[in-house]
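In what follows, a single structure is set out as structure tokens and then discussed.
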Amino acid sequence: MNKYKTINRRKSDRIYVGNVPIGNNAPISVQSMTNTKTTDIVNTINQINQLKKVGVDIVRISIPTTEAAEAFKIIKKRVKIPLIADIHFDYRLAIKSIEYGADCLRINPGNIGKKRKVNEIVSCAKYNNIPIRIGINSGSLEHDILKKYKSPIPEALVESAIRNVEYLDSLNFNQFKVSVKASDVFSAVQANKILAKKITQPIHIGITESGSLRNGTVKSSIGIASLLSDGIGDTLRISLAAHPVEEVKVGYDILKVLGIRFRGINFIACPTCSRQEFDVIKVVEELEKKLEDIETSMDVSIIGCVVNGIGEAKMSTLGITGGYKTSGLYKDGIRQKNKLNNKNIVQELEMHIRKKSNELKKFRTINENDI
């Protein structure tokens, strides 16, 4: 945690999506959703494996048809990560998805239809011990609630959520989490803040349909960080009109910046000016791509000159400060005798980072075994 801000997480119930705990102070899990055709089994599996490589905890898959459900059955057998079946309109697809191995369902009661249909979904989920996410979205509220509030304001989203929470409670079903999402950041944040005071179930947070990679990252970061800073949120998804891998990266970056959960390298880099002695932007971009597989958390500072470079390097796990033809190297705040050749700086720094990663991994494993 950041020593300047203590984040006191909201107390919530605990559920499991596959082997991933959610709620009751469990690590905040990072989710994403495939954007392939579910019936394209090969590409869907490939995308899930890509997501797994960058650290995704849970993957959601859309099940719009019976054919998609049949494909889901095959996909589930070939991947080793919890899968959520995303269901709209047809309750029978929810039941079929459970039978085919779904670790969780995501349903929007607003478009499932009559209570009888929801009852059948809940009955099947209860029998198979499968959790459900009640997903309330500003774009698909129940007609009577939308008529009452005229627009999907935060209070409307919360009323829909509470209605469905109370209904599932009446069925003696408690294995569920809740989300209230809107594309407007302020609406989404306010709705979640109201909801957090009214329920004990885990809350899934996100800004729905947030936009392109750049715009969506900004909107999601503002909204999700605001909630997480107030202790709200047990699992999250960054919704981007981009490759799902980017959603996972942004999710971890938000958690990393807030000091909540760490995975991989935190690159500290200057915005560059004419003082830079090597191409900082190019170096950072290349290293980010080359080192995506690193799971060990560490700070790496890449500063193009000595103005701020030395100070940043002293606070980093590894750091370099730009110099004429060669750049200074720091490890754990200590300047090293050897320097890096600016012409080969990417290759040389990658080598040092991987070596340090292995050292840290070994050290942390030893400490864990001593506990």
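We count from 1, first residue shown onward.
Quick reminder: no glycine exception, Cβ is built from N, Cα and C everywhere.
A TrEMBL annotation is a machine prediction, not a hand-curated record.
Annotated features in TrEMBL:
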DOMAIN    14-252  domain 'IspG TIM-barrel'
DOMAIN    266-354  domain 'IspG C-terminal'
BINDING   Cys270, Cys273, Cys305, Glu312  [4Fe-4S] cluster binding site
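Features as recorded by TrEMBL, highlighted on the structure.
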residue: Cys270; record: [4Fe-4S] cluster binding site; contacts (Cβ under 8 Å, 6+ apart): Gln276, Val280, Ile302, Ile303, Gly304, Cys305, Asn308, Gly309
residue: Cys273; record: [4Fe-4S] cluster binding site; contacts (Cβ under 8 Å, 6+ apart): Gly304
residue: Glu312; record: [4Fe-4S] cluster binding site; contacts (Cβ under 8 Å, 6+ apart): Ile268, Ser301, Ile303, Gly319
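A Cβ within 8 Å of the Cβ centre of Cys270, Cys273, Cys305, Glu312, the residues given for [4Fe-4S] cluster, is found for these other residues of the same chain: Pro271, Thr272, Arg275, Gln276, Val280, Ile303, Gly304, Val307, Asn308, Gly309, Gly322. Cys305 ([4Fe-4S] cluster binding site) falls outside any helix or strand according to DSSP and counts as coil. Per-residue pLDDT, averaged over the domain 'IspG C-terminal' (266-354), rounds to 95. In terms of DSSP secondary structure, the domain 'IspG C-terminal' (266-354) contains 33 helix, 24 strand, 32 coil.
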